[in-house]
Amino acid sequence: MLVDCHCHCHEFGDEELAKFAGIKLVAVSDDVRSSERTLELARRFGVVPCLGIHPWNVGKAKPEDLSEALRLIERSEAPCIGEVGLDKRFVPETYDKQREFFSEFLRLAREYDLVVNVHAPDAWADAVEALRKADVDRALIHWYTGPLNLLEEIAQYGFYISINPAVKIQKKHRDVAEAAKPDMVVLESDGPYEYRGLRLEPPMVRETLKTLAEIWRTTPEEAEEKLYLNAARLFKL
C-alpha cells in the first residue's frame, strides 16, 4: 500500500478524498479550525490525523490559539502533531515565536509519544536540534531540502524524511533522495499544492515511488514495500 505521509486533507472536498481511497493519507493541519476538520476526516475517511499550528500561521496566532491546539491534541488521542516546526525562509520575522510554539508541541509529543510532522525550511539543523533536546522519539521532516551532511544525524536519531513529487524537477530534493538511506525515507504529496507547474496531490506519490525505485536500483514493488514498512514503523500503522 502507498502511504502519503504529509497531505493537507482538510483542503480537499469529500469527493476528491474519496478518489484517493487506495492511498493511506496522513493528514496535517494548519491551525485549530483545520485540526478540528482533520479529526472529522479521520472519523469519516480513516486518515491519520496530525494536529497543530503551521509556522506560517504562528505570527497571527494568539496565546489562546496555542492553548486550544494543545488541549485538542491531549483530548483527541491523535497519533501525530503537525504541521509544526520552524521556518527561516518564508517567515523569518516570527522565528522567536515559532520556537516558542514548537517547544510546546514537542513537549506534548514527548509526553504522549506522538509523531511530529515537521516543517523546517532553512531551519533544518535548528529543528533537528530541538527534536533531540526534547527527546522526541518519532519525527518526520517533510519535503527535506536541507544539508546532505545533516541526513546522517537525522537517521541516527531514528527520524525520517519525506520525498515529494517535486523530486523530478527540484535538484536539491533529487540530491537528497539520492543521498538518503532508504530506511529513513517515506512518501508525501504535500497536496493540494502548486509547485513550478506541478499540481501536487496524493496520486502523484506513485510517480515518486518509481523515481525512488530508479535511484535505489530496485523494482517499484520492492520500493513500495520498503516505503510502506518505513511509514508503518513511523506511524505504527
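For all residues, glycine too, the Cβ spot is worked out from N, Cα and C.
Within 10 Å of the C-beta of H6 (divalent metal cation 1 binding site) we count 26 further C-beta atoms, all protein chains included. What TrEMBL lists as divalent metal cation 1 binding site is H6, H8, E83, D190.
Annotated divalent metal cation 2 binding site per TrEMBL: H119, H142, in sequence order. Sequence-distant contacts of H142 (divalent metal cation 2 binding site), defined by Cβ-Cβ distance under 8 angstroms and a gap of at least six in the same chain, are C5, H6, E83, N117, V118, H119, I161, S162, N164, E188, D190.
Looking at H8, H119, the binding-site residues in this record, the fewest other C-beta atoms within 10 angstroms of the C-beta turn up around H8. E83 (divalent metal cation 1 binding site) has a Cβ environment of 26 other Cβ atoms inside 10 Å. D190 (divalent metal cation 1 binding site): 24 other CB atoms within 10 A of its CB, across all protein chains.
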